[in-house]
Amino acid sequence: MIGDFVDEVNIKVIAGKGGDGAVSFRREKFVEKGGPDGGDGGDGGSIIIKSTLNKNTLVDFKYKKIFRAENGENGKNKNKAGKAGEDVLIEVPVGTCIYDLETNELLSDLKAPQQYLVVARGGKGGRGNARFATSTLQVPRIAEKGVEGEVKNLKLILKIVADVGLIGYPNVGKSTLISRISNAKVEIADYPFTTIVPNLGVVKVDTDYSFVVADIPGLIEGAHLGKGLGDQFLRHIERCSVLVHLIDISCFERDDPVEDYINIRKELESFSHILLKKKEIIVANKIDAVDKDTLEKRLTDFKNRTGKDIFPISAYTGENIQELITMVWSHISKEKIEQQKFFQKRLKSNVTEKIKIQPVNYEPDPFIKINVVKLDNETFEVVGDGIEKLLSRYDIHQKDSRLLILNTLEKNGLNKILRNAGVKEGDTVYIGNFSFEYIP
């Protein structure tokens, strides 16, 4: 049984900012200021989500919902680059779907072990002043700031990866059956909704092969609308190759097995048409609780009214259980053998060591749309998305950075735009948190 079962959570991931480039100069005789030797900033750490077979619930995320990667270190003198920020690896159960919480877009469905998704990339480290030295600018007092890392709000939804789903009304014997055929240790009692979370069990076919069975908590009419235990567990049978539909043939608690069967099929259809297309094995449980003649009449009645075969078993005594396992395996064996070979191959490789992540980078656009906002009769502010991005990369309080910013803006017609906006000589103009007196 899955202890504290959680199958849907929201988390926030914050990748690391790139480190700032350094402005420094080496000590060298007869060389002004010694020449630039500021190193680059390190890239910010990224955040990666990877699937693992070692987890079967999202319960960890009830207590930790925000994940931050390290920022990159700032560059240093002597052309030493800052250290890159450490990546954060988040492990989730196989079967986890990752959605963008803002757009509801499915980003990835981690259906196999060792699959991964980079959910937030770290920012690129800024270049140090050694990178800006030219024949005309031999003593550059300019360096780039690191780029901010990505920030994402995500929804994680777990859909259990099981080969076989046990479905049926509460108290038809699903928990007894899964405990009989697998290694699952489950709570069994004679009242509805004993099972309130999915139980998983591994059924050994032989020494080489096995398959996973999920005991889905009992369904009732209106489950797709949230009645009973609701539709919260219906998603867990979407991945199953085969549905084993248990019917209580004893009629001890429920009067009509056929009506029960039809009602559950309607619930599956209301939730998803895909569920109706899955292979279904109908099983009449609790045959030990009725005499032979009554059993034959009820099995015949079921066949006549539904047109479908029904296989009799007793989960309690074990009668016909091995035959049921053989029947299930015959339907899933080919697909399962290929899947297990694929899983074993993936488990032999540590894929996260091979991940190459391109950090978030921003090269200022040479073509910037400039807007001027009048704050009062003598004060104006230069604004625009391109300007904000430009200011995010360079420190306008550094002389050479300021010249680079102003030259870029002038190439985009800053003076003309200021004049057309009514800016006069002596007025104050703000660019970010830097201000200057306007002189045409």
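We count from 1, first residue shown onward.
Just so you know, glycine gets a Cβ as well, placed from its N, Cα and C.
Annotated features, as they stand in Swiss-Prot:
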type: DOMAIN; residues: 3-161; note: domain 'Obg'
type: DOMAIN; residues: 162-333; note: domain 'OBG-type G'
type: BINDING; residues: 168-175, 193-197, 215-218, 285-288, 314-316; note: GTP binding site
type: BINDING; residues: Ser175, Thr195; note: Mg(2+) binding site
type: DOMAIN; residues: 359-440; note: domain 'OCT'
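For the domain 'Obg' (3-161), the model gives a mean pLDDT of 91. Residue environment of Asn171 (GTP binding site) contains 20 other Cβ atoms, counted within 10 Å of its Cβ in all protein chains. Every protein chain considered, the tally of other Cβ atoms within 10 Å of the Cβ of Lys174 (GTP binding site) stands at 30. Broken down by DSSP into helix, strand and coil, the domain 'OCT' (359-440) contains 29 helix, 21 strand, 32 coil. The two recorded residues, Ser314 (GTP binding site) and Ser175 (Mg(2+) binding site), have Cα atoms 12 Å apart. Mapped onto three states, the DSSP output places Lys174 (GTP binding site) in helix. Cα of Lys286 (GTP binding site) to Cα of Ser175 (Mg(2+) binding site): a span of 13 Å. A separation of roughly 9 Å, to the nearest angstrom, links the Cα atoms of Pro217 (GTP binding site) and Ser175 (Mg(2+) binding site). Geometry remark: Gly168 (GTP binding site) versus Ser175 (Mg(2+) binding site), CA distance 11 Å. The number of other Cβ atoms within 10 Å of the Cβ belonging to Gly168 (GTP binding site), over all protein chains shown, comes to 25.
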